[in-house]
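Undergrad: This is the structure, below, for whatever I ask next.
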Amino acid sequence: MLSLTTSTTESRLFSIVATLGKNYDTTTTTTRDSHHYYYQPQGGLMDDFLYPVLHQSQSQGGSNFTFDLYSSLVAGFDGPFILIFLLTFFVALGSYVFQFKHLKRNHHVLFWMMFALSLFASFQNLTRLASELAFLFPTSDGAFHLNNVIKGIDRSMSAVLLYTQILILGFIAYIFMKTTRATGDISERTYKISVVSLIVTLILFFILFMLGHVMVIVILHAMRGSKTITGLQTSQLTNAIFTSPMIFMSLGLATTAVFLNAFGFRLYISLRQRKKKIKEMLKNTMNLTLEMNSPRSNDGDKDSTNISNTFSTTNNNNEATNTTIHTTTVTTDLSNQTPGTPSTSASPTVGFIIPKSNSKHVIQNEVMDQKNKKNLSSKTKDFSETYHLKKHALRKTLGLQIGLSIAFFIQLIGLGFLPGALGWQFSLLFYHNFSNFAQLSFVIILLIIFNPLKEVQRLFEKAPNFLNNDSGINKNNNSMMMKDKENTPIESGDAANGKTQNVDLSVNV
């Protein structure tokens, strides 16, 4: 009974082959399921996997094909993503048009790569669906050739999509490199070495994906179309096609993650380190301002003694008078003092009367001190606000860039199902779904990350000294130190020579 069934099956398959031509290999054909038909049987079971699509009913005038379960699942899973990726393209295009006037060169480049990724992803899903629909072609010969061409384009688009994502991650890493250099966190030499390394890496992956992987795909499908390939060659080339993307993508993920996260987190660590430094500098500057605007009880006796000695040297008959002065700095010309200035009070502290002509300068100094204090308070507030803005934008950007890496890693998981398709055709469906969801997540995160990334560039490159050199605070601090240094008591030698000095007369009674 078993032999009868086998003979019947073989006779049916033999009649199909005989109808199509005598140049087909009947031995290979009989190893297939009787409900599958393939134009080129030399691939053996590999062809069942490469073209696992249809039920076939043969008639004398041609072929009439209907979808089997695999083809129906491909249409159900991949078909909606054609429209979904087109929708993301139009959303990105609308955002681009809305922000066009405010974009810089790097922003334009990032948007155009986003457009390309969305269109490539939509087109790849279209080719997946079209490769299944190709078997609805009226003739078997035409169905095979059409499927062979479309399937080659589909597999080539997979490599193009992977490289496009690597290129986008590399470009974001380049933006972080420029920002890190602008803030002074890396030297010019380190920046140049990093940029050259990134460019070399991207060129290397271009060779691997575009000139290597795609070339193998083109060769395979060209040989299949010309019917010059053997079953062994088909197996070898197919193994190369399904295993090489996983290896290349693993290398691409690791390399771009190093560049992307190294410079991004370098900015974040530097920002936190500078926060403590800036707080200390602001505190010191505030203390200095308060000291300059308050009476100096500790220096009063010393100042009085210096002034008294000066007048004793100039005129022994000169009487000092004591007064309490609440200003910080007074300019006086000792050479214009006349001897014999009358004493106004009997005070244990020796001093002298400020000429009325200098009272205007005292008022001006008071006003300037108040302005300096207000300016310092305003700068402190600005620095604090700027720090929090930078911290928020940088945290958001780093979180989203980690999301990009995760989406890329999910595609790597999907690629792990490709080798399994050599034994089970439905394994390809897992790859399709992982790939589509990961690519969609990648595009959505790109749309979200764009504004935070632009804000990071604006904040860090606009005032890089705030993050690194703190020049604004140093300048303010140094100016106050110089002013305080100039406000020193008059030395006796200067008084004797009649020099004009800035004297601090905060003297207590």
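Heads up, residue numbers simply count up from 1 along the chain you see.
Note: Cβ is positioned from N, Cα and C throughout, glycine not excepted.
Note: TrEMBL annotation is automatic and uncurated.
Found this in TrEMBL, in case it helps:
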COMPBIAS  498-509  compositional bias 'Polar residues'
REGION    482-509  region 'Disordered'
TRANSMEM  79-98  transmembrane segment
TRANSMEM  110-137  transmembrane segment
TRANSMEM  157-177  transmembrane segment
TRANSMEM  198-220  transmembrane segment
TRANSMEM  240-269  transmembrane segment
TRANSMEM  398-418  transmembrane segment
TRANSMEM  430-450  transmembrane segment
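For the listed features, I'd like the structural context: burial, neighbours, distances.
TA: Residues 111, 114-115, 118-119, 121-122, 125-126, 129, 436, 439-440, 443-444, 446-447, 450 of the same chain lie 6+ residues outside the transmembrane segment (79-98) yet bring a C-beta within less than 8 angstroms of a C-beta in it.
Counting only same-chain residues 6+ beyond the ends of the transmembrane segment (110-137), those with a CB under 8 A from a CB of the stretch are 51, 53-54, 65, 67, 71, 74-75, 78-79, 81-86, 88-89, 92-93, 95-96, 103, 143, 146-147, 150-151, 153-154, 157-158, 160-161, 164-165, 167-168, 171-172, 432, 436, 439-440, 442-443, 446-447, 450, 453.
With a cut-off of 8 Å between Cβ atoms, the residues of this chain six or more beyond the transmembrane segment (157-177) that come close are 106, 109-110, 113-114, 116-117, 120-121, 123-124, 127, 186, 191, 194-195, 198, 201-202, 205-206, 209-210, 213-214, 217, 245, 248-249, 252, 256-257, 259-260, 263-264, 267, 401, 404-405, 408, 411, 435, 439, 442, 446, 449, 453, 457.
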Undergrad: Report, as numbers and ranges, every residue of the chain located at least six residues beyond the transmembrane segment (430-450) whose Cβ falls under 8 Å of a Cβ in that stretch; write 'none' if there are none.
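TA: Non-local partners: 74, 77-78, 81, 84-85, 88, 91-92, 95, 107, 110-111, 114, 117-118, 121, 125, 128, 158, 161, 165, 168, 172, 397, 400-401, 403-404, 407-408, 410-411, 413-415, 417-418, 421.
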